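Here the structure is laid out as structure tokens; the discussion comes afterwards.
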Amino acid sequence: MNAQIDHALEEIRRFRPSPEFAAQAVADEGLYDAARTDRLEFWADQARTLLQWEKPFTRTLDWSNPPFAKWFDDGELNVAVNCLDRHVDAGLGDRVALHWEGEPGDSRDITYAELTDEVKRAANTLIDLGVREGDRVAIYLPMIPEAVVSMLAVARLGAIHSVVFGGFSADSLASRIDDAEASVVITADGGYRKGRVFPLKPVVDEALEKSAGSVRNVLVVRRGENEVDWNADRDVWWHESVATASNEHEARAFEAEHPLFILYTSGTTGKPKGILHTSGGYLTQAAFTHRNVFDLHPERDVYWCTADVGWITGHSYVVYGPLANGATQVLYEGTPDTPHPGRWWEIVEKYGVTILYTAPTAIRSFMKLGRQIPHEFNLRTLRLLGSVGEPINPEAWIWYRHVIGGGSIPVVDTWWQTETGAIMISALPGVTDLKPGSAQVPVPGISIDILDDDGTAVEGEGGGLLVATEPWPSMLRGIWGDPERFKETYWEKFGDKYFAGDGARRDEDGDIWLLGRVDDVMNVSGHRLSTAEIESSLVAHPWTAEAAVVGASDETTGQAVVAFVILKASQVSHVNDPMEASEELRRHVATQIGAIARPRQVFIVNELPKTRSGKIMRRLLRDLAEGREVGDTTTLADTSIMEVISAQLR
Ligand code: PRX
């Protein structure tokens, strides 16, 4: 990673917006001026212009009890109405909301009127299942329209959704269901991935056997047509309930600070955090950034964000931002390379996609396959490209712009987090001169700084820790059920400033370069994983005595999970071959947490490098995993240990 970053910092290319693009751009310099003149009035203005309030707010921000912010708190709105009904009422009912493409090639176009109708039916079904304001509903679905419908139906009722990515295991699902005490789970029999049906309902069944028992009903969409067990007291088919439910549903307005969703993300401990987002502020910033960062012209654009709704990018930039803005978008169920490696580009051509938002890891995989694959398709409709999830190296940025974008269209690198709810740092297309590799500048209305370890602001050029110095509308409102952890994790280090957990550097032009996490959080293919969570999964295996996990840099996935494991002496004689043990442990992590957490490598070793106080020195293990010369070992209890471990890896 370091070599990559050094290289990135030498990047000197700059790209001015073309006059044609600038002339039609949604954003302009005036946004920065307005936000600078009166930041709170700027956000109040965005909230009033972009959203429909049933009861207008009179207070913009209440920061009297930091770090618990309240935005627009005496206003009332319904989030689903903002994403649906109001567009239909404005005469846009026939506009396509979703061009859905299934992996096997089936597809559906769904208009705003149809989506509104379906959401009302689903809301009525949820009411029949006893879901009320404030109740939690877990959603464990593939990328099918019903995922969007479910989220909005829950929001419409003022209930709280907790979407769990379909790649997570039964254990992970169970712990999320229990933490939120969900009363209903919405799932599918299965979904398509890499040309096969992957089962979901059986995973839910298994999770519910393990869970504490808050779930009353499971609502099941038929998608994969795989066989599933059925519990008639608990399970309800979507096509038998939602399809026959009434499409009349009067939505009520909720307070702006009414909880909208919980989304679990990895932190520095083994237990995932339930990040809590609320309604008015979240939707304001999601809509504002979606419009201005992606230069959205809803009447003519076809937007496609490739993220799964199981992640925050799918929440803010597949569901809430685009639908609040009345956008037409593509929703794709499957993987980029099924049934052929040009699948994404075929979809861009088929729907005439104009705006594409994806992750650097995907771009790097396409780079590896070569430009001839995208070149087989007509990508000339594209006019803006976005990147998210991890630093994009300048080579990938340039390739994206040239090979996918045809050489002259803007690429915006957007920095944000599950916790921030919406984009915080990004260029504004048509306004900012673009710099490959740098996320560049805070979006209007957002205050970002770089501090050194004791909290002093780094003046001018220099590196340190990234913080948000002022509250922002879509900020997390807490960690579900754990206000103390919320304070400790983000606010203890710098008092009233939000500590993001990322290192960053400001260059001579004032542009910000993200340098990766400074804590024990890894970023694999733009997904957050915790070293502690994978370590505790490894240690839960009967063979393991001790485990240490590091994120090693990886050409395609950004980082990769590499584990070092000491086997229990009592087990060593049963394990015939270290390769076998390593395979078994990789499989174990995938089953316990989910395939995304499966280590790239598990090294079986006899020792781990520890300081005199017994702390594992992951830095040294990272050196090994990345094939580098091992760094300073003087603080090790036994300085010869690294040679022993390296010898074992050879
Ligand atoms: O380290 C940063 C990295 O992803 C982390 C947030 O992960 P998550 O909550 O899963 O959200 C990902 C999608 C918003 C951050 O702490 N990250 C995200 N975007 C960028 C990034 N690192 C560098 N550049 C980015 N554009």
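Just so you know, glycine gets a Cβ as well, placed from its N, Cα and C.
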Could you look at R380, R401, R517 and say which one TrEMBL places alongside G389, E390, P391, D413, T414, W415, W416, Q417, T418, D502, R528 in the ATP site?
R517
Whole-number mean of pLDDT values that fall within the domain 'AMP-dependent synthetase/ligase' (91-480):
97
Spatial neighbours of T418 (ATP binding site), counting only the binding-site residues R193, K194, V539 and Cα distances within 10 Å:
none
For the domain 'Acetyl-coenzyme A synthetase N-terminal' (31-83), the number of residues DSSP places in helix, strand and coil:
24 helix, 7 strand, 22 coil
If you count other CB atoms within 10 A of each CB, which of W416, R517 wins among these binding-site residues?
W416
Can you figure out which of K194, G195, S525, V539 (the binding-site residues) comes closest in space to R517 (ATP binding site), comparing Cα atoms?
S525
By a simple count of other Cβ atoms within 10 Å, which of G195, G389, P391, the binding-site residues in the record, is least packed?
G195
Roughly how many Å lie between the Cα atoms of P391 (ATP binding site) and G195 (CoA binding site), rounded to a whole value?
30
